[in-house]
Structure formats: structure tokens, C-alpha cells
Amino acid sequence: MGIQLSTIQTPQFHELFEEELPEYHNERSLGDSHFLRTFRMQDRKGYDVLIKVFVNKLPEISLSSIVNLLKEEQENISYRVPNAVPYIKTLVTLRAAYLVRPYVTHNLYDRISTRPFLELTEKKWIMFQLLKGISDCHRLGVCHGDIKSENILITSWNWAYLSDFSSFKPTYLPEDNPADYGYFFDTSSRRVCNIAPERFVPASQLQPAPLSPAMDIFSLGCVFAELLLEESPLFTLSQLFSYKAHGSYDLQSVLEQIEDKSTQNMILSMLDRDPSQRLSADAYLQKYRGTVFPACFYDTLYDYCIGLVDPSGILSAKQPNDACSLYGSRIDDIYRDIMPPNNNDISNLMHTPHEYNGIDSYSVPLFTTLDEFYNKNPAAKNWYLRLYNTMQEKKGFEDKEQGSTPAPSPSVIEDISSIETDENHLYGAAVLLPIVLSTIRHVNTRESKINALSLVQILSRNICDESKLDTVLPFVMTLLRDQYADVRISALITITRLVSNVTSIAPINAFLFQEYLFPDLQHFLFDMNSRTRATYASCLPILAKQASKFLNLAQSLRNAGILSFPESEYENINHGKAELLFETGRHDLVVTVERHVSTLLADSSSIVRRSLLNALAPLCVFFGKAKSNDLILSHLITYLNDTDWMLRCAFFESITGLSIFIGPRSVDEYILPLMLQALVDPEPAVLESVLGSFSGLIELHLFEKLVVVDILQLVLPLVAVPNAYIRRAALSVIYSAYQSFDDIDRDCIVTPLLRPYLMSNLCDINSLEKLDQFILPMVSDSVWSTLTRWYEESENSSFWKCDKDASYSSLDVSNDSLLGRTKNLQKREIMHHAEVYTHKKISLTGHVIITSTEMLELSEDDQKWADIIKEMGVDVKHLWVLANLRDYVKKTKINLNGINYKRQSGLRELNTYPNAPLHILPETIFWNPERPPSSSIANETFLDRNSYAESIQTSRSYNDDLIARDPIAYVGTDMTNAFGTTTKPKDVSQSDIKVDINRESNSDNGETITGTHDVYRQTDNPEIKLPSDTASSKVDTHNPTVTQPTDDTGGLNSYNTENPLLTNNTLEPSSVEAIVSSKDSDKHAKESKGKSLAPLISSRVSTNDTTNVAGIRSQRSFTTHIDLKKLTTRQNGAKKSSYTGTNPCVLNYLNKIYAEAAASTLNVGAAVSPSWASNIPLRRRTKVSAKAANKIVQTHEWHPEGSRVAQIYLGSLLDGGTKKVLVSPDSSFFVTLGSDGVVRAWQLVESVRHISTMRCECRLSYGHTRRNGERNRFSVVNGCFLGNTYAFASVTQDGSVEVHRLDVNNQRHTLISAGRIPNLDFSDSVTSMEASTFHDGSIRLVVVTKWSRIVYLDVGMMRVLSSDQLPLQCGSATSVVVSEGCNWALIGTTKGWLLLWDLRFGTLSCSWHMPARIDQMHLLLDVTKKRSNVNEYTSGNNNSPVTKVPGSSSTSSSSTQPINSTIPINPLENHGMLNSFGSTTVSISFSVLTNLDNKEVNLEDAVPASHRSASGIVNFDVEKGKTEEVFLENWNSSLTSPIPVSVGIDAFNEKKKFDIDSGNDMGLRDLNTKFDSPWPCISSPIYRYRGPSAGSVEREPLFLIAASGSPHAFIWNPHNVSASSSVTNDSESSKLSLIHNKPPIYQKVSEQQNVRPKSSGVSRPLLFLQQQKNLPSENRLHPIVDMAFLYQPYAIVLIVDAFGSLELWT
């Protein structure tokens, strides 16, 4: 036997892997076990796996049955046990067996001995997971068989996995032969035995048997003991035998080292010798809940972590490129769940309910003031006061004044984070913090990193100090050099808060600051971002304080013998050596902090210095009195010479804390003179800060009594300054001074000084409010302004004694007294002074206290000013108060001049040598005047838009958007260099520029409208002026004559009437110019080969007035010339310019400007007269000539005839039938949207021979562009016309938006813009869209979707301006209307909500609710406007005249022609259309399904008899919030009246308060469940004139209505109810009655309904005669789903039914 075994050779493993596991590579051996060899390898995707190999040296032994059984067990627990890692692959060959599982770096054995060591909370969390894992395995019938610390895997976030299931190993082992145990179980050769004692049996009893759960429980108990003891394992093999035989091994004494008695008892029970006495894993979990394991493990943390980290994901690892997003989403999820005001389990676990009110200490910035903190966090004030009061009570301040707001100091902010928390907080932090730390180095977005750092601040409050420094700090330090400044700032604040709460340290952290923190923080001194340096300046004092604290703790450790000395020869404690080391460390620390502070004090940014000033107190404590005087004070004095008033203000705000440390002498020598001079600072905020500092220093008794008296004399006049803050601060100084004296001094010194300023005698001053009531009031602003003018304008004045031009040397400098007399004044020019303040004791010049008006000496000039002041209400006896303010007025004026001079000097330093050559040659670049046709430009810009133009995110100012952007011919322009010097092109002079640009108008009389136009467009770059494009413009080189009115600046102001971006702007009447005769225009039009040129109208663009152009008001012209031969152009490509160089930067810039201008161009064509502007003509029954057709005069009102004249059927909705119909603005054609993705434009054509015969012709059709890989087009779901133009926007089901300019007569269309709504799910289709014109003339599109998203798009750039989610609880959005100017949009939903959305700010402004589903909405025009007899050009969205389609002169009897040959145009009054669009009245059609049996209805089935659809229309004024009229049909009297009721929007901000139907939140599937009826109620407003057409009459709206599910249409006349009639059923009998008066509610009840009649004697022509056989049966009626009204040539009602058929009715 032995000889045979010795001849078997073990194969080479790399050969085995290459032959049998070719998908794995890069093997690394992880051990030389005798039983299973372990290798770490990688698969083809790069993921690490662990492979266990058993080499079968005896081929006759089959391993298939064993491996198959193991495979079944692993498949049973795969993805079902979160705490188990099964084998993902098993393979058996003739040579070996392979077990493959995912590789995890650490196991429990390694983690126990790795720093930072596990805390008790983390150990309990791991124990809980292992019990849960083994319980799940046992429940599935799987036992492990070999549980030990090496077979328990631990991730970086402390998630535990049971791995290496060993059910294939023998269950029982011989107790007299340890070789079997060593071969199968002791793979690490540690001689550790966790095998249950019952598994060791005599050799005679060895037999195969299954594993039992009790065996795993014993092994798990051994692992628990090893985890808690952290020393040696619980059992070796010999100790286990002794324990089994009741030998000398005392288990209880070993487990007594565990402090928790409950944990001891649990482990003793698990290690019971009798297997029957051991409980199941689930029983242990239930028994020790609340004792060993906290309840939060069961209720919250375990399930939350499973959903967060997806433990089963280890079996199917994510792609490497998804790792960052995976970790980022994990961080963001935790942040959203923990941060208040969430009310979920995790948030409640980590925060005591209602303790913080949404504010926590981690949100308190270290470098902001208290006011800024309160403004950002409205609820913070009460929270801060409550915490501050709590801390003060702990410190013994019981008599703290209630309601006061203490200033936040860094020490207070430190203490806020140290609030005690309960046990749940500790366990929550122990579980969640490792998850955050494990992902913090893998996230790549700024938001996720900042969220992670915020979570670290929250969770680290609940862990021990050692974990803060050993576990958390290294992870946060990695973000100190992040690329984002916000992340670096957050990391620095996190580190500061982390170390500031440490109270005890381990010996390893004794030199943390000197060796670790400060070397890494040093780079913040030179960070490029000033905010980062400012943050470090605010954190440095706290870090210095903690560094000193750590130094003291290290000294204590040395004295205790815990921390050894650096030198090895000092074996015993040497206190002298320890003291020396302490002083050396202290000196090194001070030198380091001093270097950092000196750098920050001299920083160039005032923000950095202000941040350091806000935290001076800790630095003064750190440095001591001497160092504070030498280092800090010497730098701070220079701050007062800075022009930044906020820096000076911060200096005086911090001076009180600094004065405590430098002492009274330094205050008297250095601080007091500076404060006195600051009393005349020109900035009121600085004066307020100085007065506040005076008050604080007086309260601290840092001034002598005589100094306080002098300060009081200076401050008293300031109570009259017209500034409430200064007055309040001055009163505070007076009150503090009064309280600092005893009673005798008050009566003898203070009261005489106060008495002149008091309006009545005051016995005692016990409050500021009382002092404010009795002291003189402030002077008015007008008086103060007059006083200032008096000083500035008076020449010979006795009132102003000192020379007004006196410089700063006029201030008396005296070392003997504080208030000295005026000395000899020396005149100096202000510009010669570089300093605002001096550093010596000073007194205000000419300071003389005046207590009565008689002491004043006034000249004649002074008397005039005094009389003016008297007339303003100032009593004569109080003029002395103004006299005491003379010094304040004079010195503030002088100081202000000095500061302004310094600011100007700083600017001049940038250009010290203005005449020095810069060696930069300015170059003027011209655009080539030869431009391609508009169609090619449109195609080119469309192709370039997605590739380049959309990637340019260039912000423009409002005025820049007003400049024309249409392609146009461009000539020379001026160029401004970087220093503001305007240069002219040398080769082209301004006098050489002349252009002739004409345009032929489309008006009937052939009148040509032309004008001048600015050919320049100011870009964002001030150095270059670029042309704005107009595709239809061209330079006429034959007749170089054109107007060129210029403004004072030499530039040209333009107004392009073809520009869609200038719709709402007004021309100044004097600036409108018309030139060139019609003959020249005709000639030029021929030379241009039919290209109509845009009229060039030069004017100033008014940015305030939004009215449209009413017409041409001036015909004056100015001419200039241009020599096109001098223009150098490039001929290589479309992006042509005069630039001939090859500089790639210049070329890229020109390409960017060209692409941006082309992308923003949207030529929607000329505007047309809207059809509602004319009366509704009657249908002609007799033959009339075409000429007579133009002279039709209406003699009576229109009424529907009830005749169907045509029908269009393209197949069912599945085959491409009609879904929606829209009429062009002038009713010359209509557009149908098909379910096959095709848009078709139709015209009505009638025969001249047979007037009563009519047919429809499809003039053009086009389909939406297919995306790559798509065979069929998506259905076109919605569309709209862009203003009164032929530009049509449509959207498909996948969110693709296209804008086409339709030319129906020529059967052409042009794609002018295209895009796609982002993040639109296929099931979230567009339900409504509406276009409107913005204030700058650009066209905007508002789209709402089924899932209640509102998308706001710029049609020209085709980019999303905003995309917001409406409240899902309101239901699905069904319709939207948009106001003129795109200020607001009104959205209707399926649950009856009217949401008024502010498009400017993207917020919900107001809401109303009505008990019905809102189906359609229309913005009604202003019907009060009357017709005018004056012809007018009504401007469209591009400000061009109305296009009147000329009539046809054909009289052939056999010819057919478009019906739009006769369109009567009724002009409106000036700007009538704009005023109409300004209306706020909306017609709302609604429907509701009444459920009599309270049963649900399947909308796909027929509506049962117990359900009835009720519908109606309500006219609602959005501005007033009032209902004007209501129309109801089949309305149940038991239903609530459908009148919109206002609902506050506050409920939308709180998730729990917004459950309309029930108390539960609703998801997307519940959007359409309340008021859904099978079919919508369709309506369309119709406008007609009352009475005869002659004269000035009013228009009135009629409403075309199709009730919900009805096949018939009805006309409702709210002005004459009896005139209401049916359109499609003339035999219908119905009644309509008024049931309410306020508002009027009309109810229609049908008594009889017949089927729609057949064609009334007229033939029914179709789209294609070949499709006649596909017509649906006439007797089969379908509900109406859409309607429209065609005004011309006479009234036609377009009806779309649910089958996809379109019918035309008169």
C-alpha cells in the first residue's frame, strides 16, 4: 500500500488550472493544507475568487455524489441567507474537485488582531449577524460543520459571512487518533479546536451521520468566546478532551473575564456538554434580546443594512465602472434617511425625537456668525438657546438671563456636540459608521463626499475617543487634498469637530498633532481657494487648543509610566526628563502654530483675516499675554487701514475678548486710540461695532473712570444720528457707563452729562428701554442730509470752524490728555495719506461740548442753512445737538475720501505704466457677408447643435438676449481691448461702410417695408462684437446704400423684425426708419432669386415695455457706405470669418460663437392673423364667384347646421388612425397626429362648380425622426402651434420633440429645432403641451407628463430650463395652460387639482381643488376687446406683419383650389392680441364617474348601468380665484358642485399632511384612481361677434362641448342659454336650466338622443378613395376624444372619435 501511494505524483496546479479552469488566472497560493489546497485567482472580469482544490490521487474513487450534495446545499442558501457566502461553482474531474467562492480580504481571525481593534458594540453586532446567519441556514436544513474564526469573513463595513461550508467532512472523529482532526479541521495548524465534544467518539462507533444544529451552536460559542476574550482561543484539542471528560479545565473561570453576565450565560449555554441542553440559534436571539443584543438590532439596523449594502451582491459583483455610483448612492441613501426632518426608524434611532427640531451641531459652521446661522436655519435659535442653557446649568450658571442670545464661541460649539446619547445611538453609530467610512474613499461626486462627511460628524459623536482617532480620522484625512474646495472645507471642519471632543487619548496618539495633523494641514495656508483658507483660519484656534490639551495628556501618561521616553536608556520614570520633554514639545507646538497664525494674519484675502478674528480668544489663551501682544496685536492694528469695512468691523467685534488677555495697559496704549478714531468711520456698521466694544470694555472695567467720562462725552451726540443700530449701540454705552459708577459718581459725574440730552428728569436708569424713552430722539434723514450738504457747500461758515480740507494731521495728537485742544492744523492733500488711522492717543479736532444753542456762532450763510433745518421740524433749542455732530460729519467725510482714494490707488496699481507697450496687436474679425440660404443654415445648425452648441453653457445677460440672433450679413465692427481702449480696423474706415438691404412685404397692396438694421451683436466678451445671424438677409453689392443711425457710443442699436427673440419689445417711434422704394425692392428680390430679406429696422430695444410693434411710424432714413472689397473673408466652410490665422484658440472661439448663434436661431416664419380675430362666416349654399367671396358680409349670427360634410379614416388607432387634431392659427389648414408617428397637414378644397361639395386634401406629411435601431416610429401624442405662425411642435411617446415650419401651399416643411425630453420613461408619456413667448422674445414650451412632471424648455436652444416633479398625490397631470410671458402655468390633474406653478422660480404658488377629473383647459382670450376700423399689423412671435393670403384670380369652372383663397380679415385694435393673451380666465372641462354601487370599474370594459359619466365646463379666473360660469351635463344632484376651492400649499411640503384620499402615501400606480371616467370631457372655445358685423361690437365666447363618453357635440352659449344647440344630433331634445346665481350654474339634461345622422345629401369625399372600403359602419358610434373648430372659409367642427376617425361637421 505504501509503495503504491508513493508512486502517485501530485500534478502541478498551474497545469490543472490551465486545462480544467481556463477562465481563471493569476493563481496565488494561500496555504499548504493537506486536505484542500487554497488559491486566490481572478476571473475574466477581473473579480477575485477563492478556489479550494482537492486532488484525487485515487481515480477509482468517485467524488460526484459528494460534490452534488454540496452543490444542492449551496444552491439552497444562495441569495437566501444574507450572512452566508456559498460556493458559486463546483466542478469535479477525474483529477481533482474544485470549490469556488468569492474572495473576501479579511476573516474574523485577522480582524481581531488588526488595528483599530473592535469595540464591544461592534463585537456584539458581529455576534448577532452570525446567530442570524446560522439560524437561517438551519431553517433551510443546512449545517456548516466547521465554524471557526478563519471561516468567518468580515468586510470593511463589519458585515459577517459564514463561509467554507464543510458538510462533506466527516461528522464523527476518533477520539484516540488526532490525525484525522488535524487532516480535516486543523488547516491553519493552530491546534485550535471548535468541534463539538460529541463528535469525538471511539473508533468502533465511527459511522456516517448527518450534522446537527447543536454541533454548529457549540462551534459558534467558541468563536464568540474568542472574539470577546481577544487573547488565546477557548479550546485546544487537549483542553477540549479534558472539558469533555469533566477534567481540570475550568471553562467558567475563563469566561469570567467577560464583564457582561448575560453574555457569559449565553456562551456557557452554547458550550454545554449535553447537545440537548443547547438551544437553537433562533431561541438564543429571542432569549437574549434586550440584554446581550439591543432591540435596535432586531427592529431597525439589521433589515436596514440588508437593504442598503445588499449582502448578496458579493455573489454577483458590480462592474468596476459602477462601483463609484454604487458607493455614492449608498452614502446618499444613508444621508437622506438620517438627516432630519425624516421620521423613519433610522432617523428616530440616531436622534432623540424632537430634540433638535431639524437642526444639529454638525450643521453649525465654525466660520459663520450667529446671524448667518440663524438665517440659514430658522429653527436654530430656540435649539441653540436650549442647548446653551443646558450647558450653562451644568456649569453652575443658574442665574442666566432668559431669552438672551449669547454669541457663539468655538468652545460653545464644541460643547454642543457632546450631548449625551442613549444606548441605541451608540449601537447605531457602531453599525452605520463603518459603512460610511468604507465608501468614503470610493465616491467621486462632490455631493456624496460632503454627505459622507456630514454623516461622519453625526455618527462619530456616539463612539469612544480612541475610535475617533484610530478609526475615523485616517479616512477623513484622505479628503484634505480633494479636488473640490467644498469637500476640503467639510473635511477640515469634520476633523476639527472630531478632535475637539476628545477627552482621553491612548499612548499611540500622544503626538498626533505634531507628527500627523499639522504637517498635513500646512498646505491649507497656501490653498488657492480663499474660502478654504478662511475655514482653516476659523478652525486653527480650536486645533491649537486641542493640541495643547493633547500635550498635557501626554505628560500625564509619562508621569504615570504609561508613555515611554524616546530614549531607551531611561527605563525608570524621571520627572525631570519628563518636564524637559514637555517644555520641548510645548515650544515646538507654539512655533508651529505661530507660523500658521502669522501666515493667516498676513493673508491677502480679507475673508481669511475676518475668519481668524472671530476666534481670537482660544489663540490668546494658547499663546499667553506676552505672545498675544507681540504676535496678534501687532498684526491686528494694520487691519484698520484696510478698505474692507467688514474687516474693520470684525476687528472691533473681537477686541473685547482680546482685551481680556492683553490687559488694561495695552488697551489704554493701543486699543483705545484706535477705537476713538473709529468713532468717525464712514461705515455705520463699523461705528456700531466700536460702540459695542466700548460697552463691553466698560462692563469689564478695563477703563479708568475719567476715560469712561470722556468716552461718554463723545458718544452722547451719536444718539441723534439717524440710524437705529447706531443709536441702540450708543445707548448701550451710556447704560454700561452709568452702571459702572457708584451712586455718588452717577449723581456728580454722569447725570450732569446726560441732563442736556434728556427730555425730562430721570431718577434712575435701570434698562435700555427706559433710557431710550427719555433721551432725545434721532434726527430725520432729511435733516441729516441737509446737515451734510451744509458742510459740503458752505464756503464762509462760522459753524464749521475747522478747514474742511484738513487732513488726518488735523487730529490732535497728545500724550498728556485724552481730550486736548485743537493745535496748529497743517493742510495736506488727502491723496498723500495712505493711512486711515494712526496708532497714538488722539482726540477729535475741535471737540467742544455745547449744551445750548446760544453758544453757537452762525454767519449769514450758516443762518440760511439753519433756517432750512428749522423748517424741517428741528426746534431752535436743539440746534446745539447738531453742532455736537460737526466733528462726526467732518471726519467721516474725510475718512471716506481717504478710503476711496486707497481703492482707486489699488486699481491704478494694476496699470502702473499705462503708456508702456503691451506688445499685443488688436485684431478686428469680420463675419463673411456671403451666407448660405436659410434652409441650409437650418439643416447645418440642426446637425451642429447636438455635437457642439448644446455643450456650450454660456450664460447671457437679459440685454444680450434682446439682441438679434438670426443669420444676417455682417460687416466691420469696433473691437475693445482688455484695457477699455476702442480700436478701429485700419483697412476699413467707418465712413466706408454702406449696405443696402431691402425686403419685399407680403401685404396686399404691394407696399414694401424696409429699414435699417444693426449688423453688430454684443457678445459676452467685451473685447469683440460679433454679428447676429439672419438667414434671410444678404448684402447688396450693387446698391451699397443703407441707413445707419448711430448712438452716442458709436455702436449700432438693432431691432430685427424677423427675430423670434424680440416678440415683446417695443420700438421707439423716432427710431423706426423706412427706406428704399418698392421698385428697388422688387429688383433686389429678383437678384436674390426669390429670397426675401428681413426688414432692417434700427431702434433702441426697450427692455421694460413688452408691447408688440403696431406698425411703421417713421420713414426717415440715413445712409452710409461700405466697401466690400476691403473685407477679407474665408471661403473654407460654413463658419466663415475674416480671420486668416491658424491659432487654435481663436478658431475654437469663433466656432463656438458661430455654433451658439446658429443654435439659438429659430426662424418660425411670418406671423398670420389669428382666425378668432374675424367673425364666423356662414356656409354658402349657392354658387358665387371668387371675387364676390371676398366681399361676404355677415348679416346674422352663426349657428351649427348639424351636417357632416366629410370624413377621414386612416385606419384604427392601432393602424395609424387620428389621435388628435389641431387647427392652424388662421384656420387655413389643420393638422392631425397619427398613432403611426406621422403628422399630416390638411386643407379643405371645394369645387367652384359645386359649391356645396367639399373634400380634404393632405398637403404634406412627415414622420418623426427614428432613433438608431428603431424600425417603427413612436406614436405622436401631442402637439401645438408656436404662436400665430405656421411653426408646429410635436412630441412622440418616447419624448422626442420636433419643431417644423410648415408651408402647406408649397407642400414643404422645414425642421428648425429638435430635441428630447430627458429621463422620460416609456410609460410616462406627454399628456399636454403649450407654447408661449418669453419676455425676451424667445419661444418657450411647457410640457406635462402622465407621472406629473412639468418640463420647461427653450425651443430655440432646445434645452431644458427646468424639470420638476409635481406632487404625486394630486394625481396625473392631464392639461396645462401657460400665461403670456411664461410667468406661470396652470396644471390640471386627474384628481381635480389645479396647480398654479411659478415658472420663474419653479415653485408651487397656489392650488385649488374640485371634485372631478380635469380633462382639458384653455386660456380664454379677452372678450371685451372691440373691433377697430384702423388697419394694423398684428405682430406674431417674430414681430413681422400679418401675412394675408392673396385670393386666387382663377375663374375656371373645372378647377379646384384651396379654400383659404377667401379669408376676410377683421383688424383689431392696437396690441389687442397681446392684451388678450394677458387674460387669466381659464375654461376647464371636467368629468366624473358616479358610482352608485361603490364598485370599481375596469375602463377596458363597458360602463355598467350603475355608473354614469357626468361632465361639464367651468370658467375660472386664476388671478381672482373666482368661478365665473359653470356648465353641467348629466350631473347628479348628490355630487358636490364642481367649483374650485382654494387649498393652502403648506400641506404639499409635509409628506404626512398631504394624503387627500386616505392616511397612506400613494405611489405612481394610484395617480388615476379617484375621478377617472372612461372618456374625457372635450371642449373648445369659439369666438364670434355679437350682432351684425358692421360697427364696433364685442366678441363673445361659445363653447364646443363633447360630454364624457358621448358621441355627440354640443354648443353652449353662456350669454344666451336658449341659443345653445347640438352640432351632431339635430333631433336631440334637451333642456338647460339655471340652478344657481353665484356663480351661474347651467345644467343640461338630455331627454332624447339619436344616432348621428348620415350625410345630409352631400357626398362624403375621403382622403383616398381607395380607403372607402375601410370605413367603419355608420351605425357604430364611438365616443369623441378630441375636437377643434375651423373658422374659415366657414365654420367647420372637427371631431375625432375613439376609433381614430375624423369627421367634419357644419
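Glycine residues also receive a Cβ, built from the backbone N, Cα and C atoms like all the rest.
If you look up Swiss-Prot, you'll see 56-94 marked as repeat 'HEAT 1'. For Asp146, the entry in Swiss-Prot reads active site, proton acceptor. What Swiss-Prot records for 626-664 is repeat 'HEAT 6'. Feature annotation from Swiss-Prot assigns phosphoserine to Ser957. For Tyr958, the entry in Swiss-Prot reads phosphotyrosine. Residues or ranges marked as compositional bias 'Low complexity' in Swiss-Prot: 1056-1069. Per Swiss-Prot, repeat 'WD 1' is recorded for 1213-1252.
Helix, strand and coil content of the repeat 'HEAT 1' (56-94), in residues and according to DSSP, is 14 helix, 5 strand, 20 coil. Away from its own ends, the repeat 'HEAT 1' (56-94) comes close to residues 5, 8, 10, 20-21, 49, 100-102, 104, 129-130, 132-133, 136-137, 140-142, 153, 159-163, 165, 167-168, 306, 311-312, 314-315 of its chain (Cβ-Cβ under 8 Å, at least six residues beyond either end). Sequence-distant contacts of Asp146 (active site, proton acceptor), defined as residues of its own chain at least six apart whose C-beta falls under 8 angstroms from its C-beta, comprise Asp164, Phe165, Ser166, Lys169, Phe185, Asn194, Ser219.
The average pLDDT computed for the repeat 'HEAT 6' (626-664) is 82.
Per DSSP, the secondary structure of the repeat 'HEAT 6' (626-664) breaks down as 36 helix, 0 strand, 3 coil. A coil conformation is recorded for Asp146 (active site, proton acceptor) in the three-state DSSP classification, outside any helix or strand.
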